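Participant: So Swiss-Prot lists these for the protein:
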{"type": "DISULFID", "residues": "CYS21-CYS46", "note": "disulfide bond"}
{"type": "DISULFID", "residues": "CYS25-CYS48", "note": "disulfide bond"}
{"type": "DISULFID", "residues": "CYS28-CYS49", "note": "disulfide bond"}
{"type": "DISULFID", "residues": "CYS35-CYS52", "note": "disulfide bond"}
{"type": "DISULFID", "residues": "CYS60-CYS74", "note": "disulfide bond"}
{"type": "DISULFID", "residues": "CYS66-CYS87", "note": "disulfide bond"}
{"type": "DISULFID", "residues": "CYS249-CYS286", "note": "disulfide bond"}
{"type": "DISULFID", "residues": "CYS266-CYS300", "note": "disulfide bond"}
{"type": "DISULFID", "residues": "CYS277-CYS316", "note": "disulfide bond"}
{"type": "DISULFID", "residues": "CYS280-CYS318", "note": "disulfide bond"}
{"type": "DISULFID", "residues": "CYS285-CYS322", "note": "disulfide bond"}
{"type": "DOMAIN", "residues": "19-90", "note": "domain 'IGFBP N-terminal'"}
{"type": "DOMAIN", "residues": "93-159", "note": "domain 'VWFC'"}
{"type": "DOMAIN", "residues": "190-235", "note": "domain 'TSP type-1'"}
{"type": "DOMAIN", "residues": "249-323", "note": "domain 'CTCK'"}
{"type": "CARBOHYD", "residues": "ASN265", "note": "N-linked glycosylation site"}
{"type": "SIGNAL", "residues": "1-18", "note": "signal peptide"}
Amino acid sequence: MTPHLALCFILLIQQVASQKCPSQCDQCPEEPPSCAPSVLLILDGCGCCPVCARQEGESCSHLNPCQEDKGLYCEFNADPRMETGTCMALEGNSCVFDGVVYRNRESFQPSCKYHCTCLNGHIGCVPRCNLDLLLPGPDCPFPRRVKVPGECCEKWVCDSKEEMAIGGFAMAAYRPEATLGIDASDTSFACIAQTTEWSACSKTCGMGVSSRVTNRNARCEMQKQIRLCMVRSCEEEPGWHVEKKGKKCVRVRKTTKPIHFHYKNCTSVQPYKPKFCGQCSDGRCCTPHSTKTMHVEFVCPQKRIVKKPVMVISTCVCHYNCPQDSSLLQVENARFPGLKTNL
């Protein structure tokens, strides 16, 4: 059955159900039923009483509907009176991954690290390893993933600043961040999404850039993304919050007056009140710990309007593993030469 024809059946079922529904919802049990895991508790076809959604292959009716969010509908072909049917799955487009064809809503594991599902011609995958959920703490500004013999998932280890300078790559206390305006659960990509963390800002003060590499695009090709970033202002701006006496570090500072971002010869259209990382008096440096990305409109010469991704600081961390200005960005450029950028 095609999705269009199935939709017509669903509308017809709802019309029949409306003819058999009571005028008042006063016969529901006092306690709602207990449903099996992954089975939703929904209202019956009359919109009165809570019932457990029927699953694929189970009997169904207007009072016991199927779980529609799983692509199920009640098939009444065997009952001309349309009173009792069977939950069936809507047909959808199949998926092809690594030469293997998967049916709509079929789940599979392309590797031990990912669990994927075919959703009407598109493949959506979720990681099975919890590296991004159990991140190192603020005392580990230079985390590195290592393979463990005999195990599928990698583990975090903390390197010192000296070890990273020899031949490694550090993110300088950066952590995975949320991108404002972008749906991270988008399943329109027919490949396993891979995205590195954002690099440290190329400037310790003033406007700089940070970058990451991702394949989240229509062609699933690895591309470098660049965003503007400002860890702190190079000049002491009026309106800073004054730190308390006796404190050696101020992790986060915020202006009381809105400011405009400046990029080359362009200025942000709207003023903002961003958070900046503070300073320490005991030799430690403060770098972003949790960030987001938002798109900011800039007005350029000839009144040209452009949008640029800009880092938004949520929290900062103070530590002794201080990154050198621009060094981490130069290391990343050496690791991914020739990649297209978005800035």
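Cβ atoms here come from the backbone N, Cα and C positions, even for glycine.
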Participant: Could you state the CA-to-CA distance between CYS74 (disulfide bond) and CYS277 (disulfide bond) to the nearest Å?
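Facilitator: Their Cα atoms are separated by 57 Å.
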Participant: Rounded to a whole number, how many Å is the Cα of CYS318 (disulfide bond) away from the Cα of CYS60 (disulfide bond)?
Facilitator: 60
Participant: Spatially, and counting Cα to Cα, which of the disulfide-bonded residues is closest to CYS46 (disulfide bond)? Options: CYS28, CYS87, CYS249, CYS266, CYS285.
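Facilitator: Going through CYS28, CYS87, CYS249, CYS266, CYS285 one by one, the Cα closest to that of CYS46 (disulfide bond) is CYS28.
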Participant: Below 8 Å Cβ to Cβ and six or more residues apart, same chain only. Which residues does that give for ASN265 (N-linked glycosylation site)?
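Facilitator: Looking at Cβ-Cβ distances below 8 Å from ASN265 (N-linked glycosylation site), excluding near sequence neighbours, one finds CYS300, PRO301.
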Participant: Of the disulfide-bonded residues CYS21, CYS25, CYS60, CYS266, CYS316, which one has its Cα closest to the Cα of CYS35 (disulfide bond)?
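Facilitator: Among CYS21, CYS25, CYS60, CYS266, CYS316, CYS60.
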Participant: Within 10 angstroms of the C-beta of CYS21 (disulfide bond), what count of other C-beta atoms is obtained when all protein chains are considered?
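Facilitator: The answer is 15 other Cβ atoms.
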Participant: Check the DSSP secondary structure of CYS286 (disulfide bond), expressed as helix, strand or coil.
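Facilitator: Reduced to three states, the DSSP call for CYS286 (disulfide bond) is strand.
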Participant: According to DSSP, does CYS66 (disulfide bond) sit in a helix, a strand, or coil?
Facilitator: strand
Participant: Just to be sure I understand: of CYS21, CYS48, CYS52, CYS266, CYS280, CYS285, which disulfide-bonded residues have a C-alpha no more than 10 angstroms from the C-alpha of CYS28 (disulfide bond)?
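Facilitator: Taking CYS21, CYS48, CYS52, CYS266, CYS280, CYS285 one by one, the ones whose Cα falls within 10 Å of CYS28 (disulfide bond) are CYS48.
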Participant: Among the disulfide-bonded residues CYS49, CYS52, CYS249, CYS277, CYS280, CYS286, report those whose Cα falls within 10 Å of that of CYS25 (disulfide bond); none is a fine answer.
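Facilitator: Taking CYS49, CYS52, CYS249, CYS277, CYS280, CYS286 one by one, the ones whose Cα falls within 10 Å of CYS25 (disulfide bond) are CYS49.
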